[in-house]
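Annotation comment: Swiss-Prot describes 32, 35 as active site, nucleophile. Positions annotated as disulfide bond by Swiss-Prot: 32-35. The domain 'Thioredoxin' annotation in Swiss-Prot covers 2-105. Residues annotated as N6-acetyllysine in Swiss-Prot: 3, 39, 94. If you look up Swiss-Prot, you'll see 8, 94 marked as N6-succinyllysine. For 62, 69, 73, the entry in Swiss-Prot reads S-nitrosocysteine. Residues or ranges marked as site 'Deprotonates C-terminal active site Cys' in Swiss-Prot: 26. Annotation comment: Swiss-Prot describes 33, 34 as site 'Contributes to redox potential value'.
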């Protein structure tokens with residue numbers, strides 16, 4: 001399941017409550033074509049990797065979160081462990097997304 005993040009507080013809360021689990025964050029926008037293309041794949045990964053926390057942040061709805069995470073383009077995927085960013089990349093690259101998850105879990 002992918003959790004939709006609505007605020008900076010909710011983002012921080014999700015990172016904190018993940019504990020030892022890997023957190024994968026999809027920074028996207030409704031008007032972004034590549035974001036729409038990879039969204040179903042991102043959701044399917046959340047079913048496949050039940051021990052990983054998947055979050056979705058709409059950069060227009062949560063501009064403060066996007067700014068704090070220094071998101072410059074969409075989609076950007078960031079990976080967190082114990083509240084710390086451990087990896088990130090931009091672009092709708094399905095293979096890289098799954099490979100990065102496998103590398104970090």
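Placement of Cβ uses the backbone N, Cα and C atoms for every residue, glycine included.
A map of Swiss-Prot features onto the structure.
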| residue | record | DSSP (3 states) |
| --- | --- | --- |
| 3 | N6-acetyllysine | strand |
| 8 | N6-succinyllysine | helix |
| 26 | site 'Deprotonates C-terminal active site Cys' | strand |
| 33 | site 'Contributes to redox potential value' | helix |
| 62 | S-nitrosocysteine | coil |
| 69 | S-nitrosocysteine | coil |
| 94 | N6-acetyllysine | helix |
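Under a cutoff of 8 A between CB atoms, and with a sequence separation of 6+ in the same chain, the neighbours of residue 35 (active site, nucleophile) are 26, 28, 29, 74, 75, 92. Residue 62 (S-nitrosocysteine) counts 22 other C-beta atoms within 10 Å of its own C-beta, drawing on all protein chains shown.
The separation of residue 8 (N6-succinyllysine) from residue 62 (S-nitrosocysteine), Cα to Cα, is 7 Å. Checking each of the recorded positions 3, 33, 94 against residue 69 (S-nitrosocysteine) by C-alpha distance, the shortest gap belongs to 3.
DSSP assigns residue 39 (N6-acetyllysine) to a helical segment in the three-state reduction.
Ranking the recorded positions 8, 34, 39, 94 by Cα distance from residue 73 (S-nitrosocysteine) puts 34 first. Looking just at the domain 'Thioredoxin' (2-105), the mean pLDDT is 98. Among the recorded positions 32, 69, 73, the residue whose Cβ has the fewest other Cβ atoms within 10 Å is 73.
Between the CA atoms of residue 39 (N6-acetyllysine) and residue 94 (N6-acetyllysine) there is a gap of 10 Å. Checked against residue 34 (site 'Contributes to redox potential value'), the modified residues 3, 8, 94 differ in C-alpha distance, with 94 being the nearest. For the pair formed by residue 8 (N6-succinyllysine) and residue 32 (active site, nucleophile), distance between Cα atoms is given as 22 Å, rounded to the nearest Å. Cβ contacts within 10 Å of residue 26 (site 'Deprotonates C-terminal active site Cys'), excluding its own Cβ and spanning all protein chains shown: 24.
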